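Asks: Dumping what Swiss-Prot says about this protein:
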| type | residues | note |
| --- | --- | --- |
| BINDING | ARG25, GLU87, LYS130, LYS464 | (6S)-5-formyl-5,6,7,8-tetrahydrofolate binding site |
| BINDING | ASN236, THR255, ILE257, THR260 | K(+) binding site |
| BINDING | 236-241, 255-261, 280-283 | GTP binding site |
| BINDING | SER240, THR261 | Mg(2+) binding site |
| DOMAIN | 226-386 | domain 'TrmE-type G' |
Amino acid sequence: MLATDSDPIVAIATAAGRGGIGVVRVSFGRGGEAAALPLIDALCGQRLAPRHASYVPFVDEHGAPLDRGIALYFPAPHSYTGEHVLELQGHGGPIVMQLLLQRCLDAGRGFGLRLAQPGEFTRRAFLNDKLDLAQAEAVADLIEASTEAAARSAGRSLDGAFSRQIHALVEDVITLRMLVEATLDFPEEEIDFLEAADARGKLAKIREQLAHVLGDARQGALLREGLSVVLAGQPNVGKSSLLNALAGAELAIVTPIAGTTRDKVAQTIQVEGIPLHIIDTAGLRETEDEVERIGIARTWSEIERADVVLHLLDSRTGMTADDEVIAARFPGGVPVVRVLNKTDLTGVPACVEHPAAAGDLTEVHLSAKRGDGIDMLRAELLRIAGWQAGAEGVYLARERHLIALRAAQEHLAQAADHAEQRAQSLDLFAEELRLAQEQLNAITGEFTSDDLLGVIFSRFCIGK
């Protein structure tokens, strides 16, 4: 049978493995109370008071107990999904959870109860107006947050901080659209009417607010995605030592033997709440060793995908001919920072040198062995990422949000151009406003394709 958004669904809502508590969640969809009450009777042997915790046995089809725990019944619309929902909180062993799940499926076979798909409970919450799309995505972002700052920002998005900003923009665009489109109906008055209502001034304020929202969203995207930083360079220049220094732990083997690192070593660290995904790679050189050559090929693949490349050099030799060959292969669109390591052997103080001319690279002089200059390097990485100190109060945002905000920004810029031409382009002015509104509505899901919804919710865990 084809799954639909109105089917009754069930899933284990807690993570796999053993724990003190495990939760099985049922959302009854079109079955409503007519399905919920018989299932509650079958599993719990008694009626449950709505929104009250009841300590009951969970029984099989013969009345024998499978477990004892807390049962919670939430009649619609006062539930997570907006439908009638039952939650069974039992002991968190995988066998117990599977027994409860199968018992629900068996008892609910008569009204079409099926296993939930990934993210289907949250999808129901979105479809039933319990959450908008940005808030629904924040549920997954909160679960997946890799830093405290990311978790707090996801919580703000879930609370509606991002959505409120978008809704305010949409309301302002709608108000301006109404003004412009009403003016189109009275062409003999269009110039005086628009000027009297200060249409261009209103548009300028909308664009200013959108730029502010986009700036905050960029900061939120950094909190969510972080920065991929690849350590690259010749063998034995201290890449593994730098990874260990940045991470504050001995993660990579460090020896004076060239070619010790043959495959990547990755570690995520936090700097001001931003996850930095540091990747130590095989030293770049010509070699006949087949295993090392595979590692070097993987290094170049990582460099192609990097957000930032740290090109490590030995400060005793500086930029050699071999280093020039390596630098020439770096992809043009990836920022590169030249890191001169081993200043403990040269006596050069740790420092950051920003480029004096276009085309030059930032240079960081440091000692990974002693830790000199490591904080300077962290600060430089945050600067490249565009992180603003104190921005941890922003909401979390995704790449699709940034794309929509930039598209709306472009449409509003086009609208401003048409507004300057007055009557000759008034219909185009109105159309650009409509397109900007459409992009903003896509963020909260008021205008969203079914295909996009499928992609978003398929990335959730089952049971959420």
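Every residue, even glycine, has its Cβ placed from backbone N, Cα and C.
In the displayed structure, how are the listed features positioned relative to their neighbours?
Replies: For GLU87 ((6S)-5-formyl-5,6,7,8-tetrahydrofolate binding site), the same-chain residues that are 6 or more apart in sequence and have a Cβ closer than 8 Å to its Cβ are ALA13, VAL23, VAL24, ARG25, VAL26, ALA71, LEU72, PHE74.
If you draw a 10 Å sphere around the CB of ASN236 (K(+) binding site), it holds 20 other CB atoms from the protein chains shown.
A coil conformation is recorded for ALA282 (GTP binding site) in the three-state DSSP classification, outside any helix or strand.
A simple way to gauge crowding: the CB of SER240 (Mg(2+) binding site) has 23 other CB atoms within 10 angstroms, across all the protein chains here.
Mean pLDDT for the domain 'TrmE-type G' (226-386) in this predicted model: 84.
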Asks: For LYS130 ((6S)-5-formyl-5,6,7,8-tetrahydrofolate binding site) and LYS239 (GTP binding site), what Cα-Cα distance in Å is obtained after rounding to a whole number?
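Replies: It is 49 Å, counting Cα to Cα.
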Asks: What's the CA to CA span in angstrom from ALA282 (GTP binding site) over to SER240 (Mg(2+) binding site)?
Replies: 9
Asks: Please report the DSSP secondary structure of ASN236 (K(+) binding site), reduced to three states.
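Replies: Assignment for ASN236 (K(+) binding site) reads coil.
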Asks: What's the number of neighbouring CB atoms sitting within 10 A of the CB on LYS239 (GTP binding site)?
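Replies: Here the count is 31.
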Asks: Among all protein chains shown, how many Cβ atoms are found within 10 Å of the Cβ of ALA282 (GTP binding site), not counting that one?
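Replies: Other Cβ atoms within 10 Å of ALA282 (GTP binding site): 27.
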